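Novice: One structure coming up, written as structure tokens, with questions to follow.
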Amino acid sequence: MATQTTASCTGFTLLQPISEIINLPLDQVNFVACQLFALLMAVWFRIYLHPSKTSPFIRHVVATLLGFYLALFCFGWYSLHFLVQSGLSYSVMVFSGLENMHKYCFIVTLGYLILCQITRVYVFDYGMYSADFTGPMMVITQKITSMAFEIHDGLTKRDAQLNPNQKYLAIRRMPSLLEYLSYNCNFMGILAGPTCSYNDYKAFIEGTGFQPRHQENANGKENGKCKQSEPSPKNAVISKLSTCAISLFVYLSLCKLLPVEHAIDDDFVSSTPFYLQVIYLYLAMLALRPKYYFVWTFADAINNAAGFGFSGYDVDGEPQWDLISNLRIMDIEFATSFKSFLDNWNIQTSLWLKRVCYERCPVNPTAATFLLSAMWHGVYPGYYLTFVTGIAMTMAARAVRHNIRPHFLASDSHKCVYDVITWATTQIAISYTVVPFVLLAVGPSLKFYRSWYFGLHLLCVLVVLVLPVKSRRRQAKEQQDGLQKDGQAD
């Protein structure tokens, strides 16, 4: 075991004895150790390098150097890819014209990520589903492309051409190289993110992040800030670390008992009633999700411990630290629609896809967004099967919601029945959709879908044909035209 884990790890081998004792791959041990170190550094950063005690320059330098050290510890010389990707993209920003800079930067950044993913998957370690150097590059890609579009909005467009959120995110001055590297590679987010806007990060570094300002949450609603005093993140950090501990315990306890691969086992498929296969698939996916809950919540806690992530106060005046949170666990587990599940899962990635693709793509933005998501995730064929299935699921869910849901709103009891049915349907649909994402390869993925007779695919096609629904953009345009007519009538 020791030889295998060392061979598959490109980072430091200092923790190899611990890896052997707990029987976990060294790269995963390095990752968790670095995140624990980052948590301690975050507390130190907030207390001893507070904006009131030092300059933004020092905060940028320290955050960047610590980030490079963690990257080197985890990934060794592969961490140079972070600098190459960032350097190439910054050169495009500086030397290309502002009119097309965001497009060129998008192509270069995403292209370099895909090149690295192809090399890692098909040259080095196909199927090694553990910590790898392209994981941080995925977050860096989000940050660079977001920044490119925000610079384009800030330096080439008038405020009237931007929606309120684009106006808030717009960058009015080209960031310096230090600011750019600090944003991309700071120690708080270098290993697991999450993505944040450059303006929010800059406000955190400069100590202005507690002033009232516009901020859009995952549901597209504004979250105003009603106080200017600096609240303590202690309770939020403790709560999130508790969630991490529970998530890790659940994952380690259940992941080997309920492997997704068992769902395509010939004996299991042939001898198990279909309804039990459905239940098993749901439980297997339920056991898999805590891994993501642990990683993303831990990353959020690190940022909060450094003083980053404050989003305002709730109605009771309690500080909220969810500005860059990546998930809402209860809303995921009790989601009653496909969209609701996706809105609360990997929130910052959803916002990135919305801002750089969905809001800007002139033709079929839903399909384009799913395609971009698949390309960003990697080159395993299973990813593309998942996101193609996701397009069909999204269209069908939208049709059902627009055509069926209004009939259940007449009474609370009817709505409760509708919610129970749609919860169960959503959980089954999500589990069915993401099986290829877990299995990775085409053969096992198609084997699973054949065992279900491609049932949900066919059902989605039938629903879309029978229950057509207008696109969101067309609905918005009709609503806007209606408001204009009402205004003219007045």
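Each residue's number is its place along the chain shown, starting with 1.
Backbone N, Cα and C atoms are what each Cβ position is placed from, and that goes for glycine too.
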Novice: Do you know which of 273-293, 420-440 TrEMBL annotates as transmembrane segment?
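Specialist: Residues 420-440 are the ones TrEMBL records as transmembrane segment.
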Novice: So what's near the transmembrane segment (61-81) in sequence-distant terms, Cβ-Cβ under 8 Å and 6+ beyond its ends?
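Specialist: For the transmembrane segment (61-81), the list is 10-12, 27, 30-31, 34, 37-38, 41, 45, 49, 112, 116, 131, 133, 136-137, 178, 181-182, 185-191, 205.
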Novice: Can you name the far-off residues of the same chain, 6+ from the ends of the transmembrane segment (29-49), with a Cβ under 8 Å from a Cβ of it?
Specialist: 9, 11-12, 15, 18-19, 22, 58-59, 62-63, 66, 70, 73-74, 131, 187-188, 191-192, 233, 298-299, 301-303, 305-307
